[in-house]
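Copied over from Swiss-Prot:
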type	residues	note
BINDING	Gly166, Ala167, Ser168, Ser191, Ile232	NADP(+) binding site
Amino acid sequence: MSAQLINGKEVSQKRLQAVAEAVAQRQQDNLHMPCLAVVLVGGDPASAVYVRNKKTACQKCGIKSLSYELPESTSQEELLALVDRLNADSEVDGILVQLPLPKHLDSQAVLERISPDKDVDGFHPYNVGRLAVKMPLMRPCTPKGVMTLLEAYGIDPKGKKAVVVGASNIVGRPQALELLLARATVTVCHSATENLADEVAGADILVVGVGIPNFVKGEWIKPGAVVIDVGINRLDDGSLCGDVEFETAKERAAMITPVPGGVGPMTIATLMENTLHAASLHDA
C-alpha cells in the first residue's frame, strides 16, 4: 500500500494565511508592520530563486521586505557593516543573510553578527543554545517547519524513535533538538555512522537532510514509518529529487513528504512566523 503524502504546500498556505491575519490585526491595533531584510551576496541562481520566494511570501503576509543585493566581490568588512546597520535599524525586525555565501566570506562570523532577536533564520549560537536548554526564542526554520508538518498530520513524536540522517548546523543538529524537545528518543546519523541502514530501519520517524540524491534506500525504511525528506537535489536531466529513494520508500512508509512540495514550503512559512514573532518582541 502506498504511503500518504504529507502536503507541505497545503500546510504552509494555512500558516501563511494565519500570519497574514495576525499582521492585519497588528495594523488594527496600531502596531508596526513587521519588516524582513534579506541580504544576497553574489549571483548564485538557486539563491536568487529562494530570495524571490521569500519576497513573495512577505507580500502574501503583509510583511515589509527590504532587499540588499551585493556583488560577489563584497568584502567581509562590508557585509558585517551592513549587518551592523540593520541591527541598529529599529524598523527592521528580521535579518536574513542568504546562504551559501561566496567562499571568501566567513559565514559563521556573519551569522553571529546578527542580533539574536533579529535572527529569523534561527542560526545564531544563542538561539540554537536556547533550543538546547528547552527555552526556544527564534527556532531554526526548516526543523521548526518539520515539527509543524508532523503536528498538522497528527504525528506526536513523544516516545517514538526518531532518526535524523545528517548533522548540519542548519538542519540535522537543530532537528535533533526539536525532536528531543517533543520527547522523542533521538538518534543522529552522520558521515562516521556505521551500519546506517540498521539505524534507519529502527526509525518510527525518519528525517533526512544530507544533500545527496536518493541517499537513503527505500528498502531501509521501517514499514509504517513517517519519512521527512529535507533534501532537494537537481539531477542532470533537470528534475528535482530528495535524499530518500522516493518510489521504493513510499511503498513501505505510512506517510512521506514529496520533493518538491514537502518541507521546502514549510521553511518559508516558518520564516514568516519568525518575522512576526520578532516584531512582537520589538513592540515593547
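The backbone N, Cα and C atoms fix where each Cβ goes, glycine too.
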Among Gly166, Ser191, Ile232 [binding-site residues], residue with fewest other Cβ within 10 Å: Ser191
Longest CA-CA distance among Gly166, Ala167, Ser168, Ser191, Ile232, per record bound to NADP(+), angstrom: 19
For Ser168 (NADP(+) binding site): intrachain residues, at least 6 apart, with Cβ closer than 8 Å: Gly209
Cβ contacts of Ala167 (NADP(+) binding site) (under 8 Å, same chain, 6 or more positions away): Arg173, Val188, Cys189, His190
